[in-house]
Amino acid sequence: DCLPCGHDVCC
């Protein structure tokens with residue numbers, strides 16, 4: 001699981 005923090009970027 002990752003949080004979207006941009007266009008197609010995961011944090």
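Placement of Cβ uses the backbone N, Cα and C atoms for every residue, glycine included.
Under the DSSP three-state reduction, CYS2 (disulfide bond) is assigned to coil, being neither helix nor strand. According to Swiss-Prot, the feature disulfide bond maps to CYS2-CYS11 (among others).
The annotation disulfide bond is assigned in Swiss-Prot to CYS5-CYS10 (among others). Within the same chain, residues at least six positions away from CYS10 (disulfide bond) with a Cβ under 8 Å of its Cβ are CYS2, LEU3, PRO4.
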